[in-house]
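Colleague: To start, I am sharing the structure in question, which I have written as structure tokens.
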Amino acid sequence: MDSELKNFAKVWFSVFISLCYCYAMGKLVPRGIPRLLVVLPIVCLFLVLPLNISSVHLGGTTAFFVAWLANFKLLLFAFDKGPLSSDPPISLGRFVAVACLPIKVQQNPPPKLPEKPQNIQNKENPAPKSHSNGQTRENPDEKFLSNGHSKANPVYGKPKKGQKSPLNYAIKGLLLALLVRVYDYSEHIHPTVILILYCIHIYFGLEIILAIVAALARALLGLDLEPQFDDPYLSTSLQDFWGRRWNLVVTSILRPTVYEPVLHIAARVTGSRRWALMPAVLGTFVVSAIMHELIFYYLGREKPTWEVTGFFLLHGVCLMVEIALKKAFSGRFRLPRLISGPLTLGFVMVTGFWLFFPQLLRCNMDVRALEEYAAIGAFFKKAFRVVSSNSFNTS
């Protein structure tokens, strides 16, 4: 464990030095291909660094933060785009934090311009916006990867909901601890129930880790951050789940790096932005699949079986079908939330049981994760004994 912590520290020191180099080069090298050539060696280094860590939790978070998020942000930075580029330039500390941490800085929306008198609607008689069933219409072209923001300001806007309270995260932390204890009796529990518990475990674990990192960034740098999750268990469609509720940090980085460029190219080829959405959606899921395969390799160090790729491709195709159906019905028909919600969650969980979890279980990541929990628990117990004995001796 000590050697693993040393490797972890060395890796993150290398990340810090590398990002300082990128910050300096950003001031000296013009954007575009010249800056890309300067940044590419760091991108390659960030793909190698997670291989120095074998821990599930330390290695998994490092791979996600560095090999995926930091690399994508640096590629955007090379072309003076993304969260690392702004006018005026951000400080070095903020550059490093935003580059390597799963945080999304909330930007204040531009002030509203006064409306022209002829454009002001009578507030007592607003234009109708809902169906006969009382549900608000949604535009499938704008919803995917939009995080609930408008098309004019797709990424940086006021979040749909504020940050969750500390009590919310404390309750989820307690539930996560209870889940870990439940695994001790897994031989008496049906395998399907165990897989459902794994789904809850991944959600709670990811949200708590990302919330802790965001809280540290907010406290140290004074950044106003957007939430990373928005109650994904309330999703009513695949668009809602992937585009507005699940792991919004990834959503926000996939949009400018994959979704928008593919959408632009496809629109030029097809001559229609309406149908260019389809290859843009599928391309986003393909890239997400590749990055998940890479993270799984860091965790297990085994040859990929491409089941995880199948999971994301399946969801990409199903999301394309969902968008096409919404276009065909033009918002005239929608399932009630009581039906669409369970159908969405059921589809995500069943396909996860089929294609996502098998590769995790083959690498014994569940067993290794529980061993790490036990090691952490033993460490804190030992530390508590030492502190207690010292305080007793001094008294």
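Placement of Cβ uses the backbone N, Cα and C atoms for every residue, glycine included.
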Colleague: Select from 169-189, 337-357, 358-378 the stretch of residues annotated by TrEMBL as transmembrane segment.
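Modeller: When 169-189, 337-357, 358-378 are checked in TrEMBL, transmembrane segment belongs to 337-357.
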Colleague: By a Cβ-Cβ criterion of under 8 Å, what residues six or more beyond either terminus of the transmembrane segment (275-299) are in contact with it?
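Modeller: Residues 47, 50-51, 56, 59-60, 63-64, 67-68, 140-141, 144-145, 250, 254, 257-260, 262-264, 266-267, 269, 306, 308-309, 311-313, 315-317, 319-320, 323-324, 359-360, 363, 365 contact the transmembrane segment (275-299) from elsewhere in the chain.
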Colleague: Going along the chain, which residues at least six beyond the ends of the transmembrane segment (12-29) come within the CB cut-off of under 8 Å?
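Modeller: Result: 35, 38-39, 42, 45-46, 49, 62, 66, 70, 74, 77, 84, 89, 92, 95-96, 99-100.
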Colleague: DSSP says what for the domain 'Wax synthase' (226-313): how many helix, strand, coil residues?
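Modeller: The counts are 69 helix, 0 strand, 19 coil.
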